[in-house]
Structures are given as C-alpha cells and as structure tokens.
Amino acid sequence: MSIAHIVDWRLYVVTDAGLSRGRSHRAVIEAAIVGGATVVQYREKHASTRQMIEEALELRDLTRRAGVPLIVNDRVDVALAVDADGVHVGQDDMPVALARRLIGNKLLGVSAHNLSEALQAVRDGADYLGVGPIFATTTKPDAAAPIGLDGLRAIRQHVSIPIVAIGGINQANAADVMRAGADGIAVVSAVVAADDVTAAARQLRALVSVTQEKAL
C-alpha cells in the first residue's frame, strides 16, 4: 500500500550542483530542511555512480534524522543502494511499470507534462506526479513548453494521486500554483541558488502552508 497520501508534499526541494554556488548537496539540504523542506530529491546527472551513492548516503542520513523522505531522480540502482524512500522517473527514463517492479513499495514519482502522460503514469503505478513545467524555467534547458496554471488544473481534475508542481516556481507565484490544485511545489533555483537557503525555504513553506489553510 502506498504511503504517498500521508507524505507532506508541501515543499519538495531538488538538488542541483550547478546552482548551489559551490556548496555541497549536504550543506544545501541541511539548510533547506531547517527552513522547512518536506521532501528532498537527489538529482545528479554528471557524477559517477560511486559519487552518487556517496552523496545520496549523506543525504539519506540527514533526511532520515529529520523525518523527511528522500527521493532519487532516475537512478533506481542508487535509490536501492542507499535505501532511499523512493525514485522519480521522467518520460525518457526507465519505464514506470518496470521501476515499480524493481522498487516494490517505495515511493514512485513520474514527471507528466500533459493529461495523457499523467493518466498513463497513474495506470502504470505512480504514487505521485511531478507536473510541469508550470512556468518557463532555466534550470532545465531541454524542458518542455510551460503548461501554465490551466494545464495544472486540467490534470488535477482527472487524477487523485498527489501532484507536485515544478518549473519556474518561486515566492511570487507559489500561492497561485497551490490554488490551482497542487499538493506541493518542487523548487530548485528558488532554494538551492538562494543566498540564504534556510530563509528561502522558510518563506516558500510559509506561503504554501497559508494557501493550503485558506483552502480548507
């Protein structure tokens, strides 16, 4: 049985070595957790497998002590090696159904850019969706065209599993994203590249929480 519906998805922080301004993943995530990060995704596209395992183990130690789920992007082998809480796969990564067979009951997130991809991910066994990009983003140069708040609403109307919105989300638009139906926001540069990571995370967490409370 999936634990996705009891996970606090409000502030999902994704690592990015290229944006962290020379700070280690550990330093950035430690500060983000202090600021209120509720989920952490380890995303590393350029390191060796050995380095990824070493870095993910460090994050696993941090997140476990904080009670925050650790998700590994794409690499099922790394997630299993460090006993992460889950894996997140994109449309060009390992097929969702195969990832599910390999990871068992761990959390499985899937990126979706439109309703068709979202519905297929649900059928294949996704626990949650990473929907976007909502807005234009410079974090992923190869990102698809933004789907906007209307695209997010359309997916929300047809799926019941948790949705984490991603892509160009920051302090100026986080509340709008939550009002459009997201269960949480996934952020990269808005936290990882901030001068004060803890303060940036705290501000975003507060915005998301207030918006959720008003919706109840």
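Just so you know, the numbers here start at 1 and follow the chain as drawn.
Each Cβ is built from the backbone N, Cα and C atoms, and glycine gets one as well.
Taken verbatim from Swiss-Prot:
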- Gln41, Tyr42, Arg43, Glu44, Lys45, Asn73, Ser111, Lys140: 4-amino-2-methyl-5-(diphosphooxymethyl)pyrimidine binding site (BINDING)
- Asp74, Asp93: Mg(2+) binding site (BINDING)
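Annotation for Asp93 (Mg(2+) binding site): spatial neighbours Asp74, Ala99, criterion Cβ-Cβ under 8 Å with sequence separation of six or more.
The number of other Cβ atoms within 10 Å of the Cβ belonging to Ser111 (4-amino-2-methyl-5-(diphosphooxymethyl)pyrimidine binding site), over all protein chains shown, comes to 24. A count of other CB atoms within 10 A of each Cβ picks out Arg43 as the most crowded of the binding-site residues Arg43, Lys45. The Cβ neighbour count for Asp74 (Mg(2+) binding site), using a 10 Å radius and every protein chain shown, is 19. Within 10 Å of the Cβ of Tyr42 (4-amino-2-methyl-5-(diphosphooxymethyl)pyrimidine binding site) there are 26 other Cβ atoms, across all protein chains. Summarising the environment of Gln41 (4-amino-2-methyl-5-(diphosphooxymethyl)pyrimidine binding site), the number of other Cβ atoms within 10 Å of its Cβ, over all protein chains shown, is 25. Reduced to three states, the DSSP call for Glu44 (4-amino-2-methyl-5-(diphosphooxymethyl)pyrimidine binding site) is coil. For Asn73 (4-amino-2-methyl-5-(diphosphooxymethyl)pyrimidine binding site), the same-chain residues 6+ apart in sequence whose C-beta sits under 8 angstroms from its C-beta are Val14, Gln41, Tyr42, Arg43, Glu44, Val87, His88.
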